[in-house]
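Taken verbatim from TrEMBL:
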DOMAIN    12-118  domain 'Cadherin'
DOMAIN    119-226  domain 'Cadherin'
DOMAIN    236-341  domain 'Cadherin'
DOMAIN    342-449  domain 'Cadherin'
DOMAIN    464-554  domain 'Cadherin'
REGION    643-671  region 'Disordered'
TRANSMEM  569-591  transmembrane segment
Amino acid sequence: RQHEAPRRVKRAWVIPPISVSENHKRIPHLLVQIKSDKQQPGGVIYSIKGPGVDEEPLGIFSIDKFSGKVFLNAMLDREEHDRYRLRAFALDLGGVTLEDPTDLEIIVVDQNDNRPLFRQDVFTGSVVEGAEPGTCVMTVDATDADDPDTDNAALRYSILEQGAAGMFSINATTGEICTARPGLDRETMGVYNLTVQAADMSGDGLTTTAMAVIYLEDINDNPPEFTKEEFSMEVEEQAAGVDVGKVFVHDKDLAGSPSWLAKFTILEGDPEGAFAIRTDPHTNDGVLSVVKPLDHEVRDRFELTVSVQNERPLEPSAPASPRALATVRVRVRDVNEAPAFRENPRRISVLEGTPPGTPITTYTASDPDTHQIQTLSYALLYDPADWLRLDPHSGTVRTKRELLHPSAFLQGGWYIALVLARDDAEPPLSATGTLSIEILEVNDHAPQLQPPAGVLCGRPGRGGTLLLGATDDDRPPHGAPFHFQLSPQHPQLARNWSIARFNVTHAVLAVLAELPEGPYSLPLLLRDSGTPPREQQQLLNVSVCHCGRDGACLDGALAAATAGAGITLGALMIILGSTILLLVLAALGAARGRGRRRALRKGLLQRSRDDMRDNILNYDEQGGGEEDQDAYDINQLRHPELFSPRAKPPLRRDAPLSSGTPMAPRKLPSSPSDIEDFINEGLEAADSDPSVPPYDTALIYDYEGSGSVASPLSSIVSSLTDEDQDYDYLSEWGPRFRRLADLYG
């Protein structure tokens with residue numbers, strides 16, 4: 001394949017780059033003239049397009065369309081546009097393209113029209129004091145808007161001013177600032193202010209300046225020192241937890257830094273540890289305080305040796321120096337001190353019943369103010385029972401009245417009193433002592449029989465015993481166990497009675513032979529277990545009652561015995577006399593009432609002599625009333641032989657139709673006194689009879705008639721003609737007939 005040879009472009013139409021200096025002031029300025037060989041002059045129309053012509057920025061370049069001359073119409077700024085690329089066109093008069101468009105490049109040549117600029121006005125850095133030479137601190141840098149490929153932007157740095165010491169240097173090319181010589185001391189100069197300069201044209205062009213501030217960091221190269229060698233202070237005795245004074249120090253290091261903070265130590269003069277010293281965090285001074293009370297009478301002066309050093313150790317580069325020491329003299333000022341009871345509380349023991357005026361102890365206090373002449377006086381501050389008397393000068397305590405048990409003022413056998421001791425200083429001070437008095441128990445009470453009376457059955461064995469007890473007002477060990485025995489002065493008692501121990505506080509009295517009913521007085525001897533033991537003879541009133549089958553007292557006998565239990569002989573005689581008088585009055589009243597009842601009964605008997613109705617109606621069944629003839633016949637009670645078990649019982653009208661045959665009549669009791677039990681058993685049989693409806697169901701009620709032809713209930717068995725008939729048997733029928741027995745008995 002044949003290669004196509006490159007087309008030859010005419011030299012006149014190829015335009016090389018055009019350079020023009022920025023800030024060119026001759027306007028308009030001819031830059032170049034372009035030509036086309038396609039037509040004769042005057043037959044070509046030229047034009048250009050691109051930035052600076054028909055694009056922003058507009059109007060900078062223009063072309064003569066007939067001659068092809070390109071002009072600069074405005075000043076150029078390389079920092080805004082360092083070159084322009086335009087397109088040139090050639091057309092005939094008819095608008096037909098004669099040449100292909102060609103490039104027109106315009107290069108803006110830089111001028112040194114921009115000063116260097118530091119990135120900040122003030123640069124800040126720090127370096128420790130005492131740093132070695134060559135220690136870099138910071139870097140300052142600047143910029144230049146001119147062409148960096150020319151000397152217009154070639155910057156050089158320098159230090160214009162830093163003081164006379166010349167402690168720092170700067171790298172002219174990089175702007176790095178470093179220490180130049182040793183001897184940086186924060187305590188001499190803590191801050192360095194440097195004026196640095198940046199210049200273009202390699203230092204010969206335009207310049208600018210900035211500030212570089214360098215701070216020296218503190219190190220612990222200075223130990224603290226006391227402002228003076230001796231300090232004097234004063235404190236009151238007995239004061240604790242108070243500040244005595246301050247010791248002042250000075251440290252050249254930075255205030256508030258760890259290199260400045262001081263630490264104090266008490267080296268000598270305080271073997272008891274009565275003082276402490278701390279650091280005031282604001283002033284760095286030492287604050288001396290008392291942690292234990294001081295006693296002027298024991299020691300009135302202290303001489304302390306105090307040292308100081310920093311919390312942080314000194315740097316190795318710091319000059320060696322001895323530890324700072326100071327002497328602190330403290331004087332203890334004497335003040336009035338309160339008296340003190342050396343034994344508090346004071347515990348003593350006193351026998352119960354100690355007579356009034358007996359000295360029991362001497363309770364005194366001591367005054368710690370030995371260098372002052374003072375007198376102590378005493379008084380009772382608390383004596384709730386008013387048992388004591390106190391000598392105000394000697395402190396001797398005596399009994400004011402007899403100390404007895406028991407008492408509401410004793411707490412577990414101890415009596416508590418408070419004694420006040422006071423000095424005569426101005427103002428006076430006092431102290432309180434506790435006096436604990438143990439009231440020792442004395443066996444001054446014999447045991448007492450409780451209760452002093454009782455009731456027992458007079459039959460040996462079952463029921464013939466009585467439990468006895470005793471109490472003692474004395475406290476252990478002067479109380480139980482108690483010893484019970486029959487009086488040795490009456491040996492005949494041992495034939496009928498015996499006493500056996502039940503426990504430490506009780507005994508059992510037993511009957512040895514059957515005794516008749518009635519009261520008995522048994523002299524007993526009771527003894528406690530105290531030292532020495534106390535005993536006392538006492539009477540036990542025993543009522544022997546009528547014994548039942550089980551060995552227990554019958555109701556009537558027990559009531560009578562109980563009523564008389566625990567009554568002395570004189571009181572018993574009074575009661576018996578009163579009882580006889582009441583019985584006489586009651587007999588008179590009963591006779592009068594009996595006469596009235598007899599007259600009433602006589603009138604009733606005269607009204608009707610016949611037994612109109614010999615039946616008892618069972619109204620629990622809600623039967624037919626007066627005209628109901630099917631009730632239970634009382635003749636069954638009077639003549640049981642007429643009603644055998646083989647006889648057919650009468651039917652009840654209120655029973656169900658399907659009811660069975662009721663139970664046969666039971667055998668009557670042999671004695672009329674058991675008629676109550678007989679009736680109760682009959683009622684129970686009726687309740688359990690399945691042939692009758694339950695008691696809580698509807699029953700058949702019969703008409704009772706217009707009147708009652710029966711006599712009152714009081715006319716039962718009253719048809720006899722003898723008006724003095726004996727009705728005492730009614731009292732044997734039980735409580736249900738007690739009312740009738742009272743009326744007719």
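Just so you know, glycine gets a Cβ as well, placed from its N, Cα and C.
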The DSSP breakdown of the domain 'Cadherin' (464-554) into helix, strand and coil residues is 5 helix, 45 strand, 41 coil
What mean pLDDT does the predicted model reach across the domain 'Cadherin' (342-449)? 87
As a test: from 236-341, 342-449, 464-554, pick the stretch that has the greatest number of Cβ pairs under 8 Å with the domain 'Cadherin' (119-226). 236-341
